[in-house]
Amino acid sequence: MGAGGDSESSRTGDAIWTVDESPILSPLLAKDEDDRLDTLADVEVPPWDEQITFRGILVSILLGAMFCIITHKLNFVIGVIPSLNVAAGLLGFFFIKLWTGTLSQLGFWSKPFTRQENTVIQTTVVSCYGLAFSGGFGSYLLAMDQKTYEILGLDYPGNSAEDVKNPSLGWMIAFLFTVSFVGLLALVPLRKIMVIDYALTYPSGTATAVLINSFHTSQGADVARKQVRCLGKHFTISFFWSFFKWFFSGIGDSCGFDNFPSLGFLAYNNKIFFDFSLTYIGVGLICPHIVFIAIALVLGDGLYNFVKILFVTAKAIHKQYKSQQLPTRGEGEEVVNLSPDEKKRRDVFLMEGIPNWVAVLAFCNSYGTGLTDWSLASTYGKLGLFVFASWAGNNGGVMAGLTACGVMMSIVSTAADLMQDFKTGYLTLSSPRSMFVSQILGTALGCVIAPLTFWIFWTAFDIGSQTGEYKVPNAIIFQEMAILGVAGFSALPQHCLELCIGFFIFAIVTNLIRDTAPPKYAQFIPIPMAMAIPFYIGAYFAIDMFVGTVILFVWEKLNRKESEVYAGALASGLICGDGIWTIPAAILSLSKINPPICMTFLPAAEAAKNMLNL
């Protein structure tokens, strides 16, 4: 879901990046005479209402809750979230196959599992857990709470108690239901012009479709089963490793493997250490190597890509957008020189209309996402934050800005996600109506599941504490941006503006060089966005991710084909296992059951002194 650029596979508080070609897809693209992945002309397509099944809804709820928990955890720690689309497709395939296999063993007949049902499940899951990110639980919503207000300081210029609103299940669910559906309705009338007339790539949607189509061939299904076994194996390893680490973590957050001074105490005191987190090793397995050698700041990089994508979008629209009328259903369209597969795709995609309920919104972002796979939802949100905070001024400007940010992020993000899924549905012969219904269902589930899973964290752990595991760095950043919008540059510390301008320019120049350099050199030029995060949370997570990307690099050198098949599944298993451990950890915390051992580390001299004083 979301968007991406330069094949990144992560989602940050400033942008959402997803893989434009998943590493596990390539082996599934192989064709032979008996099992071609692109032969769809003879595929029987079930009616749209048969593509949505009861078993599919149950699996979607289960996976949606699991991925919401994972998203929250990553969001609270670093704000970087890898694409889980591959895992959603794999696990959807696994659970339905498990369902049908179990019924078959019991002597019951079960409805065949189709690529359309697989697509509906994946779409529902992605739209559900997407709200755990765009819903602002790790950014603008927590920027409003009491803890963020206190962390900034009561005497911080522009920081006012009047702008505090603590999380509550009731208002969070109501807020999400209010804003999350607008983006879905906005671009429905344009599905034909975006997917067929302009033939926008939507790389993430295309990659997901290739994956799902490959599952539903004999060769692809066999590979999918092996990938699921790999995911399950490493899910179990990751879960029990997290369980093992819990025993040594003591009371509070200063004990255990998460505080291992693996690179020495000086590095540890500057938050540079390896903390044995399988989650971020998994993220490193998915992300490309270039991500981890960047050295600039978010703002310049964000503005650069904002302008770049707007330019690319405007240029493409000027070239292709010749008519004032936007065709939405394709009546009377003359179809020539189309392959049987492409003709069938168009027939299925256009056979069922969707009511044109609302005017077109969020067109620019969705068009840019289709061209570049990079969503600017967070950038539009920050734009709304500054505009409304400045407009409202001291009379509630911070709250107005944060609220506007949330509304714009939700609308723009869900609209772009919908078009990605329409592209997936188009390539898998799934009805656009079933796609739209699954998006509505997934969004409705997300409006409830995302706040509920957030509440698990909020109740069981010290969310937002700057000395704990879940620091939520983006909450402070969003709050400071809102204050800046109200108070202006006068609210900045001494020399802060000069430093910001310098790194801002550096980020733009670095991006320009990277975009204009030959590919063989551009691959070594850093991405400014990537290493901005350690500036405000420390480098420990990047070391874990570096370990993951080194493992992937060596694996590719030793056996590239095997790494392409299993890297995504292995990474997903590590991320999911560690993430799901959060549920029993929360139960233990709420039950006041503390780890029995505190494993801590001291310099040798200090330890010897303590021993002598016993």
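Note that Cβ sites are derived from N, Cα and C of the backbone, with glycine treated the same way.
Model, not experiment: these values are computed from the prediction.
Taken from TrEMBL, the feature transmembrane segment covers 52-70 (among others).
Taken from TrEMBL, the feature transmembrane segment covers 77-99 (among others).
Annotated transmembrane segment per TrEMBL: 169-190 (among others), in sequence order.
What TrEMBL records for 235-252 (among others) is transmembrane segment.
Taken from TrEMBL, the feature transmembrane segment covers 272-299 (among others).
Among the features that TrEMBL reports, transmembrane segment is placed at 354-377 (among others).
Taken from TrEMBL, the feature transmembrane segment applies to 397-419 (among others).
Away from its own ends, the transmembrane segment (440-458) comes close to residues 52, 57, 60-61, 64-65, 68-69, 72-73, 76, 123-132, 135, 137, 167, 169, 172-173, 176-177, 180-181, 184, 414, 470, 582-583, 586 of its chain (Cβ-Cβ under 8 Å, at least six residues beyond either end). The transmembrane segment annotation in TrEMBL covers 440-458 (among others).
Sequence annotations record features per position, and here TrEMBL assigns transmembrane segment to 496-513 (among others).
According to TrEMBL, the transmembrane segment annotation covers 533-555 (among others).
Taken from TrEMBL, the feature transmembrane segment applies to 567-590 (among others).
If one looks beyond the transmembrane segment (235-252) by at least 6 residues along the same chain, the residues whose Cβ comes under 8 Å of a Cβ in the stretch are 258, 276, 278-279, 282, 573-578, 580-581, 584-585, 588, 594-600. Residues 22-24, 66, 69-70, 73-74, 82, 84, 86-87, 90, 227-228, 230-243, 246, 277-279, 281-283, 285-286, 456-457, 459-461, 548, 552, 555 of the same chain lie 6+ residues outside the transmembrane segment (567-590) yet bring a C-beta within less than 8 angstroms of a C-beta in it.
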